[in-house]
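*Asks:* Okay, so Swiss-Prot annotates it like this:
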type     : residues  : note
REGION   : 1-36      : region 'Disordered'
COMPBIAS : 1-11      : compositional bias 'Basic and acidic residues'
TOPO_DOM : 6-85      : topological domain 'Cytoplasmic'
MOD_RES  : K9        : N6-acetyllysine
MOD_RES  : Y10       : phosphotyrosine
MOD_RES  : S16       : phosphoserine
MOD_RES  : K21       : N6-acetyllysine
COMPBIAS : 26-36     : compositional bias 'Basic and acidic residues'
MOD_RES  : S38       : phosphoserine
MOD_RES  : S45       : phosphoserine
TRANSMEM : 86-106    : transmembrane segment
TOPO_DOM : 107-129   : topological domain 'Extracellular'
TRANSMEM : 130-150   : transmembrane segment
TOPO_DOM : 151-286   : topological domain 'Cytoplasmic'
MOD_RES  : Y258      : phosphotyrosine
TRANSMEM : 287-306   : transmembrane segment
TOPO_DOM : 307-318   : topological domain 'Extracellular'
TRANSMEM : 319-336   : transmembrane segment
TOPO_DOM : 337-770   : topological domain 'Cytoplasmic'
MOD_RES  : S450      : phosphoserine
MOD_RES  : S482      : phosphoserine
MOD_RES  : Y540      : phosphotyrosine
MOD_RES  : S666      : phosphoserine
TRANSMEM : 771-790   : transmembrane segment
TOPO_DOM : 791-800   : topological domain 'Extracellular'
TRANSMEM : 801-821   : transmembrane segment
TOPO_DOM : 822-841   : topological domain 'Cytoplasmic'
TRANSMEM : 842-864   : transmembrane segment
TOPO_DOM : 865-916   : topological domain 'Extracellular'
TRANSMEM : 917-936   : transmembrane segment
TOPO_DOM : 937-949   : topological domain 'Cytoplasmic'
MOD_RES  : S941      : phosphoserine
TRANSMEM : 950-968   : transmembrane segment
TOPO_DOM : 969-983   : topological domain 'Extracellular'
TRANSMEM : 984-1004  : transmembrane segment
TOPO_DOM : 1005-1021 : topological domain 'Cytoplasmic'
Amino acid sequence: MGKGVGRDKYEPAAVSEHGDKKKAKKERDMDELKKEVSMDDHKLSLDELHRKYGTDLSRGLTTARAAEILARDGPNALTPPPTTPEWVKFCRQLFGGFSMLLWIGAVLCFLAYGIQAATEEEPQNDNLYLGVVLSAVVIITGCFSYYQEAKSSKIMESFKNMVPQQALVIRNGEKMSINAEEVVVGDLVEVKGGDRIPADLRIISANGCKVDNSSLTGESEPQTRSPDFTNENPLETRNIAFFSTNCVEGTARGIVVYTGDRTVMGRIATLASGLEGGQTPIAAEIEHFIHIITGVAVFLGVSFFILSLILEYTWLEAVIFLIGIIVANVPEGLLATVTVCLTLTAKRMARKNCLVKNLEAVETLGSTSTICSDKTGTLTQNRMTVAHMWFDNQIHEADTTENQSGVSFDKTSATWLALSRIAGLCNRAVFQANQDNLPILKRAVAGDASESALLKCIEVCCGSVKEMRERYTKIVEIPFNSTNKYQLSIHKNANAGEPRHLLVMKGAPERILDRCSSILIHGKEQPLDEELKDAFQNAYLELGGLGERVLGFCHLLLPDEQFPEGFQFDTDDVNFPVDNLCFVGLISMIDPPRAAVPDAVGKCRSAGIKVIMVTGDHPITAKAIAKGVGIISEGNETVEDIAARLNIPVSQVNPRDARACVVHGSDLKDMTPEQLDDILKYHTEIVFARTSPQQKLIIVEGCQRQGAIVAVTGDGVNDSPALKKADIGVAMGIAGSDVSKQAADMILLDDNFASIVTGVEEGRLIFDNLKKSIAYTLTSNIPEITPFLIFIIANIPLPLGTVTILCIDLGTDMVPAISLAYEQAESDIMKRQPRNPQTDKLVNERLISMAYGQIGMIQALGGFFTYFVIMAENGFLPNHLLGIRVTWDDRWINDVEDSYGQQWTYEQRKIVEFTCHTAFFVSIVVVQWADLVICKTRRNSVFQQGMKNKILIFGLFEETALAAFLSYCPGMGVALRMYPLKPTWWFCAFPYSLLIFVYDEVRKLIIRRRPGGWVEKETYY
């Protein structure tokens, strides 16, 4: 059994040992997969097939031969995509990005504690506490993120259906049903309507067989399958049926030519799993932010390390200072804050029908600048619907809305009654059983898409089709075939005063018209003259130009004298007229746009997002839907439109004059990357029609070359490579295939394009709110770190301890920081351009300068003011404190004098110092009130925004209550060395809090009054 030419290109190559070779090979494989499908089995005659596969075309393989091939090729199943082991996922959460910074902090703390323990007799435990707490923070937030991701992957698992699929094969001349996984190359397989195709088949005989290829090629119409070789392209030819597509009607028999990963579907799945998803924008932002923070921390640490050596501290003390400064700079609570903010948004999106698989995808959607959307089922309803009728020489519009709230037409015309009768009788579609309580449009139908559309339309307009069919019982029928291009049936006519037999026919309009000599107008038969033929032609062109699928309908009342009751009609040797019929009308169908889509596309446009339609459907249909949903907006022309308007050949039009553009897949095949870039750059509204899955991938890569952040929507297997390659892949939850759901980052549970726009809005909002959260959290770093610096430089007793810093970062600041995630959008965020990931960072210099250089400095002043007030009240005036540190911290000196000559023992001094730590801590809480309120907005006044955020108000109360609890709770003096404060000491920082609020309101006022001015350039983060 020789291997065919096509086969060799499918064989997955062996994996090479060396890293570089491996990488080069992977790239080569990807390029190979991006090429179009190549196979030659569709060109072979039956004899050649028999020789190539050694299969008897009537008896099939022998069981023994099948077992040999199964052992050689392996089971007929797709290799599951490589999954990441759970422990690796967990480690990623524990050691990725921000966590790494905290781990380094923890290690440094243990190091400092080790140095102190080795050099001092009674070391302080601060650094030990700090190290333990930091480690705990990382582990807890790591577990939290891991749990969140595991939860969404559980939902993913539940999507997979566990029913093993069966296939009917012929072996040793006997039909047997086996597991589809056991099907081998060369097997003779039978399929019937409702079956899933078990492998790639070369059809050798068929009877009215149609398959639904939409998951593979994106065509919404069922495609006929027959033994005829009709097209060079294996995806277009009729004699190949593809693995995992569905047979919708008829029967067929075929030989298996490819199984498992070597099938066309298998190649696409391999293509998807071989693609590397890039880093998400938010991950890049957090990395950039860590670089900034680490940079600042190390710079400060090293500067003060050198400074303390110059100030003649011992190098051990200097190392302790270095570590202290670096740790004080790490915002311990931020990791948890970011995780919680993303989780909250993911939950909010799930309520709006967007299931996010990994948290970071939440924000990616917000920075999207291009959406490549599939047409069928995403932009459209994925159900063929009657859109227009042409009868009585005029076009009538049908109601295509999802809830039947649209237009209606005159249903009393005698011609309409005749037309609806033909559409109901000359129709094999039937409603499935037990659905009487469902609305008509929601009922499931057995039959092809066009006939289902006619059935539903007639049922809605004229009542029960079943009763109509019972009244006019069917006698004989000629089913639709590709040579005649019509379907005909003859029925008993129960109407009194009319002949006993009614012949009804439907089919391709031009073929039907050729068989007619008269036409029904207002219920009266008229001869079909040239004028009426022109009217027909115009109507046909108009409906076809709307991208609709048009069918013609005609009938004939068969005269009783020729066809008496009981006449034997013969469909093989036709003994009844099929010419000189009476033309009744046209009905056209379309898969109509979803109701919410035009509005969603409009929102995308005002948000600066380019929506590109990519579909396997016909260019005319694609263009019509694109116009219907606003992807091509009114007044925008394609090159062809301009040529038609100016009456010149297309070649004379400058392509850059056209805003819109419809690109055919076959043209895309021959384009260089530069030509594709040209199209993507110079046309604002683009439709790609008749595209293959590989081309979808090329389009996504083209958009990414332009620097766009690309979201791709799709439901078919054919979309999975593009879903994986895109910055964010969006799969359909209802119609989506398993492969596409695995490749995507987000799943639309209601399959509605409008949900994506909701997602974009949420993504932009979370980016804004994360900025605010970070600005709020970072500000308190300055009042936390300056006490340490002044302690080193001015040699004063330490104003704020390590434990109190932790109480701020992991205690009082947490809830307020998270509450900012609930803040509403301050301006219309869907009216601005998508952010540019190169320039518009989550944390930029302006944010750092605001948090550290301005607000943070005011906060530090507030803290020091409180510190000096308490020291002075206890007898130590500021000038007396300078240079006192060494004697102050010496536990053997018990007679340190204050400004009034009073002597203090070591224990007494420490109680004053720790009271100062507590007061400094409370002052930071007081100034953080103002900081939280000003962080609510970046441009608007707080008075415009209002205080509607209930969580934020709770946050203010929570941080105050926690501060009071830590200060006044009995036993805190022992546990955390925090002491009760006089009520007046709480008020020391109030003026500074007010100053922060006023300062920032004035700054925002100037920004609003002078947009683009110096203040905005320097301080708008």
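Here the Cβ of each residue, glycine as well, is placed from N, Cα and C on the backbone.
Each of the listed features needs to be described in terms of its position in the shown structure.
*Replies:* Following the DSSP three-state reduction, the secondary structure of S38 (phosphoserine) is coil. The Cβ neighbour count for S38 (phosphoserine), using a 10 Å radius and every protein chain shown, is 13.
In the three-state DSSP scheme, S45 (phosphoserine) falls into the coil class.
Across the range of the topological domain 'Extracellular' (107-129), the DSSP-based residue counts are 17 helix, 0 strand, 6 coil.
Residues 86, 89-90, 93-94, 99, 102-103, 105-107, 109-110, 113, 327, 330, 332-333, 335-336, 339-340, 343, 346, 357-359, 802-803, 806, 810 of the same chain lie 6 or more positions beyond the ends of the transmembrane segment (130-150) yet place their CB under 8 Å from a CB of it.
For the topological domain 'Cytoplasmic' (151-286), the model's pLDDT averages out at 80.
Y258 (phosphotyrosine) falls within a strand when secondary structure is assigned with DSSP.
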*Asks:* Using a Cβ cut-off of under 8 Å, list the residues of the same chain at least 6 residues beyond the topological domain 'Extracellular' (107-129) that approach it.
*Replies:* 316, 319-320, 323-324, 326-327, 801-803, 806, 891
*Asks:* Near the Cβ of S941 (phosphoserine), how many other Cβ atoms are there if near means within 10 Å?
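*Replies:* So the number of other Cβ atoms within 10 Å of S941 (phosphoserine) is 14.
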*Asks:* If we check Cα distances from S38 (phosphoserine), which of the modified residues S45, S450, Y540, S666 wins as closest?
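*Replies:* Comparing Cα positions, the closest of these modified residues turns out to be S666.
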*Asks:* In the structure shown, which of the modified residues S45, S450, S666 has the fewest Cβ neighbours within 10 Å?
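*Replies:* Checked S45, S450, S666; of these modified residues, fewest Cβ neighbours within 10 Å: S45.
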*Asks:* Report the DSSP secondary-structure composition of the topological domain 'Extracellular' (865-916) as helix, strand and coil residue counts.
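*Replies:* The breakdown for the topological domain 'Extracellular' (865-916) reads 28 helix, 4 strand, 20 coil.
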*Asks:* Give residue numbers and ranges for long-range contacts of the transmembrane segment (801-821): same chain, 6 or more residues beyond its ends, CB-CB under 8 A.
*Replies:* 126-127, 129-130, 133, 137, 324, 327-328, 331-334, 336-337, 340-341, 344-345, 766, 769-770, 772-773, 776-777, 780, 784, 914, 917-918, 920-921, 924-925, 928, 932, 935-936, 949, 951-952, 954-956, 958-959, 962-963, 966, 976-978
*Asks:* Helix, strand or coil for Y540 (phosphotyrosine)? Use DSSP.
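*Replies:* DSSP call for Y540 (phosphotyrosine): helix.
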*Asks:* Relative to the Cα of Y540 (phosphotyrosine), which of the modified residues S45, Y258, S450, S666, S941 has the closest Cα?
*Replies:* S450
